[in-house]
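What follows is a set of notes on a single structure, which appears directly below.
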Amino acid sequence: MSTQSQQQKKPQFEDEEEDNELLHSDSETMPFSSPFAKQSAVLEDENAEFVYAAKDKVQIFDVESARSGGAGSMVVPPFSWKKLWLFTGPGLLMSVAFLDPGNLEGDLQAGAIAGYSLLWLLVWTTIMGGLLQVLSARLGVATGRHLAELCREEYSNWARYVLWIMAEMALIAADIQEVIGSAIALKILSHGILPIWAGVVITAFDCFFFLFLENYGVRKLEGVFAVFIGTMAFSFAWMFFDTKPSEEELIKGILIPRVNSKTLRQAVELIGCVITPHNVFLHSALVQSREIDIRNKGQVQEALNYYTIESSVALFITLVINLFVITVFARVFYGTEQANGIGLVNAGQFLQEKYGGGLFPILYIWGIGLLAAGQSSTITGTYAGQFITEGFLKLNIKKWLRSLITRSCAIVPTMIAAIVFNTSESSLDTMNEWLNVVQSIQIPFALIPLLTLVSKEEVMGTFRIGPIVERVSWCVAVLVIMVYGYMLLGFFLSEVKGLLFGFLVCIGFVAWISFIAYLVKHGGALSSIMVRPPTSRGFTLTTNN
């Protein structure tokens, strides 16, 4: 190499060093000031903890396709069924939260008390939940990190610890419902031989067994969930065709919005069942199971396209399954004496009394579907607990020990509460009401950080959502929070007895509202929504043919 060329090369190298120093100094003072620089630093850090190790991720993009587009290229190849198949999986795990035992209980009570009249609400609630889950997936894909990790960096220490504690409490509340559902199913299928507490213990331990399958590849675990969802679809479809609901009432229920004072409570509970806080955290982590170079914008956009499709298909399947459950119980119990007293514990027996006998008794069909719902949702709940604890606390310990600790944070309290409250149906109902309250309190603390982060250009770069999508998303979030607030108000008005308890509830309510206000103000949501002009940028499917 000539002396002249060496002299020309030296200033370029020095300039690069200066740029790196500037980026490094910026990242210390402003964590998200340069999203792609931050993402590159994370990828190059050998000591960084990832949700999935590189060897465990599903490889989709080959070397040639990775090199075909640079970091700034938005070139997206044409649609491929093979790639869609490889991306399919995270949406299945996410969709299980729409089918957990709490949802099934909300479905059967909505059908028994309101008949077919709330089917339209189930459709729109699923659409709203789907929008929030797509945003969660978008956050995980575009940043290479999940919601809990980003909250740790976005908020001050006291705020992130509050968020972590609230997320853990909501997760434990959801897990208790899921474990109880599995235990009830095991009692049904064992013909009463296994008591509820034994079913709780079995469910807790086999949850760890199924999660162990992750060591043999994430696709194996996703295959297990496909079997669970297929089992639910088969069981509840069998019940649907066995009971022969009215097709005319079914179509009217989907197309014509109807709600009155008698069905208002079921409508509110139906919305509350579908949108769960831990699922928002979970989905942003699950999408990182695929190997995606987040510096390659074309790969990120292609991944977003496929994840949007697979999540939509998965949620459509859950919608059909939920429709099956509501219509079955509307057909069998609407207008009957049993309607107001039906729940997970006695639903199977009531069905058996109405439609007993046959090739395969409907009691056991219900039990199989309930068991699949309970087992699958318990696994995803424990999985979510792992991501939430790891993300907020950044545990630097061995993977197997980290998994054991984080998963135990959810499952151990679940076992204790389930066994303590398993004395009668009334005590289980009381516990279930309090568990719904805990999840209602948490929902703003999952939705507000999600929408705050996914709307920030400093975090998302070019994949920040457009103003129209942002406004629609905030409207959905406000509606959901208001519904949960209505649930809380109704519950405490009926339960608050005594001056001291009332005083404590008032203090808690003020603290709840204050923390919501802090999160909204911190994110600058109101100013962002009011100032940003409408553009076409959102999360549309993009391809180049």
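Please read every residue number as a count from 1 along the shown chain.
Cβ atoms here come from the backbone N, Cα and C positions, even for glycine.
Per TrEMBL, compositional bias 'Polar residues' is recorded for 1-10. Taken from TrEMBL, the feature region 'Disordered' covers 1-33. Under the heading transmembrane segment, TrEMBL lists 84-99, 119-141, 161-186, 192-212, 224-241, 313-334, 404-422, 474-493, 499-520.
Only sequence-distant pairs (6 or more apart) were considered; of these, at least three Cβ pairs between the transmembrane segment (313-334) and the transmembrane segment (119-141) are under 8 A, so the stretches are in contact. Most Cβ pairs within less than 8 Å of the transmembrane segment (84-99), among stretches 161-186, 224-241, 474-493, 499-520, belong to 224-241. Counted over residue pairs separated by six or more positions, the transmembrane segment (119-141) shares at least 3 Cβ pairs under 8 angstroms with the transmembrane segment (474-493), which defines the two as touching.
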